[in-house]
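Record features, source Swiss-Prot:
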type	residues	note
BINDING	Ala97, Glu117, Gln118, Gly125, Val190, Asp221, His236, Met288, Arg298, Met299, Gly300	substrate binding site
COMPBIAS	20-32	compositional bias 'Polar residues'
MOD_RES	Cys219	2,3-didehydroalanine (Cys)
TRANSIT	1-44	transit peptide
Amino acid sequence: MATTAASSLLKSSFAGSRLPSATRTTTPSSVAVATPRAGGGPIRASISSPNPPYDLTSFRFSPIKESIVSREMTRRYMTDMITHADTDVVIVGAGSAGLSCAYELSKDPTVSVAIVEQSVSPGGGAWLGGQLFSAMVVRRPAHLFLDELGVGYDEAEDYVVVKHAALFTSTVMSRLLARPNVKLFNAVAVEDLIVRRGRVGGVVTNWALVSMNHDTQSCMDPNVMEAKVVVSSCGHDGPFGATGVKRLQDIGMISAVPGMKALDMNAAEDEIVRLTREVVPGMIVTGMEVAEIDGAPRMGPTFGAMMISGQKAAHLALKALGRPNAVDGTIPEVSPALREEFVIASKDDEVVDA
């Protein structure tokens, strides 16, 4: 059955914009039913057949040559590398902000998106809540993004609680990686930026294990990925954090990276979203890396700002690409007085982590 143009659009929780989708319909192996969310509306659940569709007592795999496995993995990965050697958007860092950005961008099937994540497992710190606890707290109205994804939660007056943070992370990853215009390159590190005539034009990449062992090995030159827009979502400061803005400071494109100041949840989440922007031509900064460059407060174990900051970064990237479906998420220039207040506060002698 042919779908109409209206039915092929996905509604976004970010400013209510509607973006085209390239998803296709498949026949499910389970029956979807409506299940009440605790304190809220329905969520999607599945009731599978009680028995698997094969005989477990005499199960046998189809035969395969080992070389076929090698060829399939290699051919597909090399094809992805060739395809994304010159891409529309490169997202550096696959934490909650980077994944939310990629999800929002992926709704436009004409936009090619590459996500580069140095860890084997994407998701950043969004597999757990605070202090290695399971639950994820999301302040309203960011819960609308959870509704869009179909992630269930318990409701309170001003916030919602997802019973395990991994529910959000696994859901957003499975949704966006199923789309044909997105590729995740995990276990790959970004070592540098491509800069031409004052504009960021891509990233310099290497295998993460190679990048971590430059001091023990001889010359191991990197590779490159050109991009029309780079989104840096490298998180807070640390051994592998805030690398995008640190590199901008190293090469003189920004003057300072003062670091985030002490925790203030109510101020921090609003500021993270508000200050998400294109900091230099060709490079948008999102998530906790924003606090590092602006000296905004530490956010702590709440996650709504990561989601909405990522969505905002996506629409800024769409605007930079000239896409008509972009929501204008630009912000006024930060007042010098406000920026000075952040910077002074962030220079206190304190050791902070996310």
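One is the number of the first residue shown, and numbering goes on along the chain from there.
Heads up, the Cβ atoms here are built off N, Cα and C, so glycines get one too.
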Ala97, Val190, Cys219 as recorded positions, winner by CB count within 10 A: Ala97
Nearest of the binding-site residues (Gln118, Arg298, Gly300) to the residue listed as '2,3-didehydroalanine (Cys)' - Cα to Cα: Gln118
C-beta crowding around Gly300 (substrate binding site), within 10 angstroms: 14
In three-state DSSP terms, the structure that His236 (substrate binding site) belongs to: coil
Secondary-structure category, per DSSP, in which Cys219 (2,3-didehydroalanine (Cys)) falls: coil
